[in-house]
Structures are given as C-alpha cells and as structure tokens.
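Asker: Here it is: the structure, laid out below.
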Amino acid sequence: MEPKYQRILIKLSGEALAGDKGVGIDIPTVQSIAKEIAEVHNSGVQIALVIGGGNLWRGEPAAEAGMDRVQADYTGMLGTVMNALVMADSLQQYGVDTRVQTAIPMQTVAEPYVRGRALRHLEKDRIVVFGAGIGSPYFSTDTTAALRAAEIEAEAILMAKNGVDGVYNADPKKDANAVKFDELTHVEVIKRGLKIMDATASTISMDNDIDLVVFNMNETGNIKRVVLGEQIGTTVSNKASE
C-alpha cells in the first residue's frame, strides 16, 4: 500500500519520553518509539521530529513562581535539545541516519537550524530532529512544529498523544457523552476553540494547507496506520468532510 503522506513531521510531547514515570527520560520508552518511527521511515517516508520538553521543565509554572519568563522559556528550550539528542541516538541505533538541528546554536552537540540543510537531509533519507523551539521565548513547541512543517513542506503533522485517541467535543475523561470527531477543518477547530494546538500553530497549519492528525501513540503501529491513510484518530485539514 502506498503511503498517503510522503513527508511528515511528528510532534511528540516531552512526557511521551518519560514513560510511566511521568518525568525525566525513560530509555526503553524512547527506544520503543524510535523503533516504530524507524519502521515508518524505512517504508520510504521522509520524517522530521519536534519533541516538547515538559518531561524536564515547564516555563510557565516557573514564571508564575517568580522566575523571569524569558529565562524560564530558554531553560525549556534546552530541555527539548536533551530530548532531541536522546531520540536521535535511539534512531541511530535502529540504523536510521539522523541529524539534530537547533534554533539556538550549539555546534558541539548539534547542527544549527538551516532550512536548506534540513531539506537536503530529508532528501537523503535522514531523519531530522528539531530542538530548542524556534529560538525565541513565548512560542510553544506546537508553534515550532507548525512552523518547521511549513518550512520543510511537510504534508502532515502527526500529533502523537499519550492515551488520547483523537479530538472530542468535550473532555472524555470528565464527560461520558463526549463525541469524537473523525474529521474537522482547521476553521472549525479555531471557531470551536478546540485545544489541539495553540492558535498560532493552528493558523500556520491552515495557511499552509498542512493536515493535522491527532492519534493515540500508545497503540503500537499507529504511526504507520496514519501514514498509510487509515482512519484512526482525528484528521484536521482544509477540506470539509463530504
């Protein structure tokens, strides 16, 4: 079966790397995720990654506790680089040539983010892991994912969620009558105020015609199923469902 998408960006939360611990980095968990990503990559799909840093640091609570917000956000960016390096190492162990590019230069451990270089890596079948957000405070890793996806001309952003199998009209953990959407448009997401991504990220995705697929990453094989076009999770696009 031919993949639905040829070039994707996978957005992982930092907590996804923590496993059952909830904080820190659990290497077996990272290896499990890397194995699945490597299998999809080996099917011929070009892949980039953005990983959050919430397993190591959260800037907003630190700022609320009195820390300077800019410094708190920069600290969080460094956390995303740690996650990127660990994931890149695991991907390399599965035989996938991988590069880490950071928005804040730190050439001893990673390449600086250069769009043209990132595109060349993808064209040469390397996975690129983007770290340090966009290099500026006040911007989330969701916005980073949308911006980088637009820059590398990705067809879709795969929002891999922990235990969440899509987008609902209410919190399914609190409302037994919550209804899951199979398809939505970017406009509907913004109008309904659905908190899939922040508003900036949603707008970038809409303006650049990038599909957004929200799915449960805890089920093995789901990344491959999304890439092959199976109906799992929720797909957000500019096309209204028929």
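Note that Cβ sites are derived from N, Cα and C of the backbone, with glycine treated the same way.
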Asker: Of ASP26, ASP73, ASP165, which does Swiss-Prot put in the UMP site with GLY53, ILE134, GLY135, SER136, PRO137, TYR138, PHE139, SER140, THR141?
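Answerer: It is ASP73, as the record lists it for that site.
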Asker: Given that Swiss-Prot annotates LYS11, LEU12, SER13, GLY14, GLY54, ARG58, TYR168, ASP171 as ATP-binding, name the residue from ASN162, ASN177 that shares the site.
Answerer: ASN162
Asker: If you look at how Swiss-Prot annotates this chain, which of 19-24, 97-102, 121-126 comes out as region 'Involved in allosteric activation by GTP'?
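Answerer: Based on what Swiss-Prot states, region 'Involved in allosteric activation by GTP' spans 19-24.
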Asker: By a 10 A CB contact count over all chains shown, which of the binding-site residues listed here is most packed: GLY53, GLY54?
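Answerer: When each Cβ's neighbours within 10 Å are tallied, GLY53 leads.
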Asker: Tell me which of the binding-site residues LYS11, ASN162, ASP171 ends up closest to TYR138 (UMP binding site) in space, Cα to Cα.
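Answerer: Result: the closest of the binding-site residues to TYR138 (UMP binding site) is LYS11.
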Asker: How far apart, in Å, are the two Cα atoms that lie farthest from each other among LYS11, LEU12, SER13, GLY14, GLY54, ARG58, ASN162, TYR168, ASP171, the residues recorded as binding ATP?
Answerer: 25
Asker: Can you list the residues of the same chain, besides GLY53, ASP73, ILE134, GLY135, SER136, PRO137, TYR138, PHE139, SER140, THR141, whose Cβ falls within 8 Å of the UMP site's Cβ centroid?
Answerer: GLY76, MET77, GLY133, THR143, THR144
Asker: State the three-class DSSP label for TYR138 (UMP binding site), counting H, G and I as helix, E and B as strand, and everything else as coil.
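Answerer: SS state of TYR138 (UMP binding site) = coil.
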Asker: Are there binding-site residues among GLY53, ILE134, SER136, SER140 that sit within 10 Å of SER13 (ATP binding site), Cα to Cα? If so, list them; otherwise say none.
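Answerer: Near SER13 (ATP binding site), where near means Cα within 10 Å, the binding-site residues are GLY53.
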